[in-house]
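J.: These came from TrEMBL, pasted as-is:
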DOMAIN    A:261-306  domain 'PAS'
DOMAIN    A:406-621  domain 'Histidine kinase'
DOMAIN    A:644-761  domain 'Response regulatory'
MOD_RES   A:693  4-aspartylphosphate
REGION    A:1-20  region 'Disordered'
REGION    A:92-117  region 'Disordered'
REGION    A:761-792  region 'Disordered'
TRANSMEM  A:27-48  transmembrane segment
TRANSMEM  A:226-248  transmembrane segment
């Protein structure tokens, strides 16, 4: 792997130092040997040429058989001498005429020459001379013999003898008598020259032998040189073979080392969980690993050659910008860099936060950049989550502070009314005035209760504890009911309150209780913030959805305020300025409930002109039930026969109030201060009804009720009604499970108790639905004539 | 040429004298016993089994002649030879195989296989440089090869075969 090449070199440096050195030395030695070999080859080629030349010389001999030719000269010389001698003999035999001739003839001792007649002997003599002449001619003319015969050491003997022989020619060619006369002289002269000739030929022969010796030695020395050069060449070639082998071994070893290192790096490269990009000097991607392909969701083939800016971006103040290869190289100019936070843009458009570490390296002379990219989206997500939870905790802290501030303020206000009125009552004896003070106390107490109920509501809603129960109900009746309940307050504010819009909506399917709560909140708000104006309620049916518009001509609010009006514990300036009481929770609760029912509330408003709240809900039309329980809904003064009542309550004040309340209606009340006392009382006496507080010392309401139900006493099946400050569906269910028949939320109101007692079998009746908030709302709104008159 | 200029004219002069002598002796001398003149004297005696054929110069000149020029190792300068191609000569006498023995005046004798003669090879030269050859100038006949034409003719065997002063041929 090229990019790690530099570091790898240093890693394996100690290991490869020795082989490298020996490799260099080996190459040097090889070069020397190659030089020697080349030199040897040159020498051998030269020597081969030489040998070839010598062989050519030997092959096509320019020379005759020289020794033979020289020897022939002497032979022919001797033959001429011989012929001369014979001729002289023939002359002698002819001189004694017949005697000699005759005697010689038969008495010839075998030699032909001796019987030869003179003319024949002379002819033979001449022939021999001619032959010798030709021989001298040949030897004298042919340059071949010059070196031997005319060598300075010979001192010109050859030419002298030749001249002398040639000088005999006129004599030989002369007449027979003249030649016959000169035979003796000829013989003497020939005899005189013979030793010289002999010596001359011996020397020439020596000369020739020396010549051929020299030639042979020449060839020998050339061959010796050739053999020596061949030996050196052989040695050099052998050394080269050995050296080559060792070099090959070293190279093989280095190759193996590199292969192992490369495989190791390749494994790291491909199994890394971090993406690795390699960039060339132009910032183009030249290689990636599998992790990169996964991170960028792009196949490695497609990413090769792309500029790095396609994948990596930087989020700055002016948006996201592509990273340039130049910038990366510049950053790495002084060394490796780590911890760059960038944005990786995946092929499918996703953006993931990454951390980049990089370094530049050298690959085959060109700089490359190795970028290791780590996906830090988990880390970033964890950071964000941490930050979010911190923010949330801070917000909760602020909300708590705000809650306490608002609650404290909103509680003090009615408490001020209550305590002030009580002080006045205590010092005033006028019964008429006392009644007015009582009204103030009750109003203030109701406000307090409202506050408590709101807080409870918001807690439940935010806890996701809102149960929506859908059932058919008459929307027209519900709207009329709300308008009727708000009418007194509207009149008190000099407002007109009316329903507008076309036609009746009829029966619909929905949660009437929740809708009533929401709509009542909107209408009462409208009434509260409007004076000398008008409030209208307009239902609009739109398919399965229903829009109910609540308009007012009140003080209105700005757009910014309209945005905050649904937040919890928000009280707008307008409300505070106009001394309008409230907890700042009403609209928040209304919107939460509307959303829980699958709808929403929106507001449009203008300061000084009024507001329009639009409640939209899914309220499909429904058919009315066959037998509407109309009579039950009519609340009226209830006459209850006196009953025996067991009151189990640990709080003395509450006990006192409840006892007085019940006794005033003619009931007989037995008190118990805790659950155990209650169980004991129930075991002794039979009661018509048992009112049971829930939270008590010693034994709580759950246990007590269960004990009464389980015990053998006379009240095993007596109706047990829980009185509790704990409200909520969950508590109600638990109480039911413990054997209690009904649940009444504190504070206990005379009206509620009366209705409870008047309806002894009303397990399925309205009392069943006396879940605190709604029922509590009812009386608040119904401060009007009917209840008040009966209260009085 | 190591031949000294002082000596070189001598053989030439002698040559002329020798020729003059020969001519004189031919003219002046009494007829030899066999009555042959120099021209008529038999140059070559061919022994073909029992048959003996003699050739004089005229008889040789009547045959188709071959001429070439070549240097030899025994002479100086380029020599022009005229003679009878050896293969022709052998064919004329129906000699197709075996060995021929050639014998010189000094009884130097060589034997050459008949099939070693080539048509471009040896001739029986009777003229050198336009003149008949005497015994003194390697005559009367010289078996010469065209030495310059091929290295084949420059071996020691060929040199040995180049017999001069040839006067007898015996076919075996």
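Glycine too: its Cβ is placed from the backbone N, Cα and C atoms.
Automatic prediction, not curation, is the source of TrEMBL annotations.
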J.: Would you mind listing the long-range same-chain contacts of the transmembrane segment (A:27-48), meaning Cβ under 8 Å and 6+ residues beyond its ends?
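T.: Hits for the transmembrane segment (A:27-48): 222, 225-226, 229-230, 232-233, 236-237, 239-240, 243-244, 247.
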J.: What residues in the same chain, six or more past the boundaries of the transmembrane segment (A:226-248), come closer than 8 Å to it by Cβ-Cβ distance?
T.: 22-23, 26-27, 29-30, 33-34, 36-37, 40-41, 43-44, 47-48, 51
J.: State the count of C-beta atoms found within 10 angstroms of the C-beta of residue A:693 (4-aspartylphosphate), not counting that atom itself.
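T.: The answer is 26 other Cβ atoms.
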J.: How many helix, strand and coil residues does the domain 'PAS' (A:261-306) contain under DSSP?
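T.: Summed over the domain 'PAS' (A:261-306), the classes give 22 helix, 10 strand, 14 coil.
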J.: Mind tallying the domain 'Response regulatory' (A:644-761) by DSSP state, helix then strand then coil?
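T.: Helix/strand/coil tally for the domain 'Response regulatory' (A:644-761): 51 helix, 25 strand, 42 coil.
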